[in-house]
């Protein structure tokens, strides 16, 4: 597939940045352009506005809420396959528990166990990674053989046969280094090594059940409930969900890790970034411009509170900065100013008829400041 | 799903390990043992049984050296031999599990 076609396909699949449907998408209606100096255009705009609001129902009001279940294990779980796909495709929420990100375990397993002969031959990201690792492994095996022979040569214990092998190996390795990693579908020979563990999965020559579900982080769950209101978690109200999320990461206080993380998460989500967990790079979050299938994450976020006890020391900072620097990302320190305990508690305990307004008021008390942190090596950055 | 079960499922169905078992020690720590599809480190002589210790990133993110030492001696009691290394499986709240080796002493760094 050419790059351009691929891009077009991606744009089609991931056309919605959030799991909500807009009137303009559903009915194909657009508001006319408004010219401030032309009163006729105001009139036209106004009639259209009234038209749209009366003739068309808001599509989101008829959408059913996505069910999220929550047990004593503290996992926010989405098991329905359609909902899983929707949350992933519209904004990249959640992670497949048996996949790297998008839930692909079912399709991968059907392929691995040869349970469907006509599965589309599209390769999942996990398969591409495995293939790359295999190639790298082969290269390393050749290289270690070469090094062994070179050692023999230096010691002068090498036989004629071995020295010709040595020459050959040198050439193979040089050519292996030149070859770009290429992906062809037939380079994947799918052998089915049926494990004892796999027998459990197969029922009458088909995959019996989908073991995978979509797991949402606490911050994602709260965002989907409070900010876009597209999910239902058990029968929790927004406030109950908030208290439960806070409880997971300690005692209820203004600098609770969940609250700070949520403030930062909401901040970047509302600025249009796709925010995902940064655990692989030792930071709190990663920012993607559109989402993982489009481009690598550019920024690594570390959330820092104004609570003195929770500060990072210089060794931790240096370690993080080195890891993030080697993966060519930018390290962003996000300082969150939190309110006093009195103000926090007074808002949480006062009576609001609308819990949405309560949390709006609560989060308004927080302030987010960003600082870019970069390791600088003077000798390497001269012109 | 408990922490141990999460790591168990991940090892069996994501990393394709075989013979994966959960070991509860005094209801205190859970260990997971199993055999990976191929040897985990290039410096290993052959593919062998591995020991994994599940941990949660959110609930307790700090470990002490004495805790780690206890894992080694607990596994030594379970397996009749002290393992050369254990693998810590850190479970994040998005379901990601990251694995790190912890060696029993100093090891030669591997070539990249």
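Just so it is clear, glycine is given a Cβ too, placed from its N, Cα and C backbone atoms.
In TrEMBL this protein carries:
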| type | residues | note |
| --- | --- | --- |
| ACT_SITE | A:288 | active site |
| ACT_SITE | A:296 | active site |
| ACT_SITE | A:329 | active site |
| DOMAIN | A:258-339 | domain 'tRNA intron endonuclease catalytic' |
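A gap of 7 Å separates the Cα atoms of residue A:288 (active site) and residue A:296 (active site). Annotation note: residue A:329 (active site) sits in a coil segment as assigned by DSSP. Ranked by Cβ neighbours within 10 A across all protein chains shown, the active-site residues A:296, A:329 are led by A:329. For the domain 'tRNA intron endonuclease catalytic' (A:258-339), the number of residues in each DSSP class (helix H, G, I; strand E, B; coil) is 32 helix, 23 strand, 27 coil.
Every protein chain shown contributes to the tally, and the Cβ of residue A:288 (active site) ends up with 18 other Cβ atoms within 10 Å. Put simply, residue A:329 (active site) is 9 Å from residue A:296 (active site) when counted between their Cα atoms.
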